[in-house]
Amino acid sequence: MTRSISVLGATGSIGASTLDLVRRNRADWRVVALTANCRADALAKLAREFGAEIAVVADETCLDDLRAALAGSGIEAAGGRAALVEAAAREADLTVAAIVGCAGLAPVMAAVERGGTIALANKEALVSAGDVLTAAVERHGATLLPTDSEHNAIFQCLAGNDIADVRSITLTASGGPLRTVADLSAVTPAQAVAHPNWDMGAKISVDSATMMNKGLELIEAFHLFPVGLDRLKIVVHPQSVIHSMVEYRDGSTLAQLGPSDMRVPIASCLAWPERMDTPCAPLDLAAMGELTFFAPDEARFPATRLAREALEAGGAAPAVLNAANEIAVAAFLDGQIAFTRIAAVVEDTLAGGNMPPPPRSLEEVLQVDADVRVWTQELLEKA
Ligand code: NAD
Ligand code: MG
């Protein structure tokens with residue numbers, strides 16, 4: 001049976017992995033919406049290849065290029081944030097949320113509000129709007145399929161079990177490319193994005209290097225799997241073979257293992273609740289030799305502590321953490337600040353003394369996000 005799919009963030013790393021699987025199973029899917037920030041030519045090429053109904057660029061200044069690139073194709077072209085939300089609200093059996101950053105929140109919410117099934121890679125949406133988004137999922141009968149590899153692993157390890165029997169959930173972390181680098185202050189953007197195991201977009205690669213990715217994932221797990229923060233743990237596992245684990249009260253621990261290829265968790269979402277083939281190389285544990293584990297080093301990588309503190313503080317704090325981090329990472333990638341300043345800027349923003357009241361709606365979350373971006377930018381300019 002053919003199913004319909006929309007891919008928000010189609011030109012990114014997760015978008016490409018998703019469309020690779022769709023391409024291999026072309027007859028199973030009808031493509032509704034494909035979106036990008038700009039990159040009109042790349043988006044138009046995908047829209048033509050997959051016969052999409054609509055292609056949307058979030059950045060309206062790229063719309064003319066998109067229209068030109070789609071001329072004669074019969075594919076609708078649209079631009080701007082409202083068009084992005086409208087496209088996400090269109091009926092589709094599965095919406096893959098693969099936009100990076102809080103920019104993906106409003107489209108995710110649009111898919112939630114039509115009661116859709118959403119393969120959620122866009123962790124920042126859940127970090128910023130945790131309570132608001134999970135309440136909306138409940139209210140509209142939407143389904144979130146965790147696509148982040150750790151959360152997808154946990155989701156698989158929970159299947160068929162009662163969450164009340166869970167003693168703990170352990171998120172594995174690769175530790176990023178800088179785990180063993182002595183002088184973190186001298187790290188360049190090129191070093192920080194060179195992840196040893198995963199090929200990902202620039203922002204999440206920097207988050208992996210600072211360990212903020214694991215901090216965001218802790219908050220993501222808190223909302224997806226309601227076992228309470230004290231049952232969520234992090235262990236560094238440099239080989240990224242075990243993608244996460246769930247320990248039950250009888251002492252059994254279930255883990256999901258697989259190659260470091262996002263097509264595995266994405267395939268699990270595309271086929272859910274069934275299974276599908278992927279071209280990913282099978283695991284060869286004997287060739288791998290050994291798997292190792294370490295406790296996280298929060299003195300060198302304070303981001304996981306900041307995320308835990310933001311979660312404990314609750315209210316607007318996770319949205320503040322996320323927005324400050326987005327600005328700090330962009331400044332680092334732009335050569336404006338040192339690597340070690342990223343976490344410091346996030347900590348300073350959180351401690352800045354103007355914590356907004358808990359946001360209660362999408363609009364309020366977006367307002368917090370917009371305000372914090374301004375404060376963090378000011379903080380960067382003062383330093
Ligand atoms: P990426 O940078 O490769 O792609 C991001 C996509 O979002 C692109 O299509 C881009 O055009 C679009 N985009 C960027 N800014 C936008 C904006 N302001 N408005 C609308 N669209 C915008 O990122 P990625 O690595 O594919 O990651 C996407 C999301 O998935 C992130 O939230 C990331 O944390 C999460 N994730 C990624 C991986 C991975 O392996 N890449 C793994 C787990 C989770
Ligand atoms: Mg992950």
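Just so you know, glycine gets a Cβ as well, placed from its N, Cα and C.
In TrEMBL, annotation is done automatically, which means it is predicted and not curated.
According to TrEMBL, the protein has these features:
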type    : residues                                                               : note
BINDING : Thr11, Gly12, Ser13, Ile14, Asn122, Glu124, Gly201                     : NADPH binding site
BINDING : Lys123, Ser149, Glu150, Ser174, His195, Ser208, Asn213, Lys214, Glu217 : 1-deoxy-D-xylulose 5-phosphate binding site
BINDING : Asp148, Glu150, Glu217                                                 : Mn(2+) binding site
DOMAIN  : 5-130                                                                  : domain '1-deoxy-D-xylulose 5-phosphate reductoisomerase N-terminal'
DOMAIN  : 144-225                                                                : domain '1-deoxy-D-xylulose 5-phosphate reductoisomerase C-terminal'
DOMAIN  : 257-373                                                                : domain 'DXP reductoisomerase C-terminal'
> Which one of these binding-site residues, Lys123, His195, has the sparsest Cβ neighbourhood, judged by other Cβ atoms within 10 angstroms?
Replying inline: His195
> Looking at the binding-site residues Thr11, Asn122, which one has the fewest other Cβ atoms within 10 Å of its own Cβ?
Replying inline: Thr11
> Taking the binding-site residues Ile14, Lys123, Gly201, Asn213, which residues show a Cβ-atom distance to ligand 1 below 6 Å?
Replying inline: Ile14, Lys123, Gly201
> How does the model score the domain '1-deoxy-D-xylulose 5-phosphate reductoisomerase C-terminal' (144-225) in terms of mean pLDDT?
Replying inline: 96
> Which binding-site residues out of Thr11, Asp148, Glu150 lie by ligand 2, going by a Cβ under 6 Å?
Replying inline: Asp148, Glu150
> At the Cα level, what's the spacing in Å between Glu124 (NADPH binding site) and Glu150 (1-deoxy-D-xylulose 5-phosphate binding site), rounded?
Replying inline: 15
>> Considering Cα atoms only, can you say which of Thr11, Gly12, Ser13, Ile14, Gly201 is the nearest neighbour of Glu150 (1-deoxy-D-xylulose 5-phosphate binding site) among these binding-site residues?
In response: Ile14
> Reported as an integer number of Å, what is the Cα distance between Asn213 (1-deoxy-D-xylulose 5-phosphate binding site) and Asp148 (Mn(2+) binding site)?
Replying inline: 11
>> Excluding near sequence neighbours, so keeping only residues 6 or more apart in the same chain, what lies with its CB under 8 A of Ser13 (NADPH binding site)?
In response: Asp199, Met200, Gly201, Met262
> Checking the binding-site residues Thr11, Gly12, Ile14, Asp148, which are within 10 Å of Glu217 (1-deoxy-D-xylulose 5-phosphate binding site) at the Cα level?
Replying inline: Asp148
> To the nearest whole angstrom, what is the C-alpha distance linking Asn122 (NADPH binding site) and Asp148 (Mn(2+) binding site)?
Replying inline: 8
> What are the DSSP helix, strand and coil residue counts for the domain '1-deoxy-D-xylulose 5-phosphate reductoisomerase C-terminal' (144-225)?
Replying inline: 43 helix, 11 strand, 28 coil
> Distance between Asp148 (Mn(2+) binding site) and Lys123 (1-deoxy-D-xylulose 5-phosphate binding site) at the Cα atoms, whole Å?
Replying inline: 8
> Rounded to an integer, what is the Cα-Cα distance in Å between Thr11 (NADPH binding site) and His195 (1-deoxy-D-xylulose 5-phosphate binding site)?
Replying inline: 20
> How do the residues of the domain '1-deoxy-D-xylulose 5-phosphate reductoisomerase N-terminal' (5-130) split into helix, strand and coil according to DSSP?
Replying inline: 66 helix, 28 strand, 32 coil
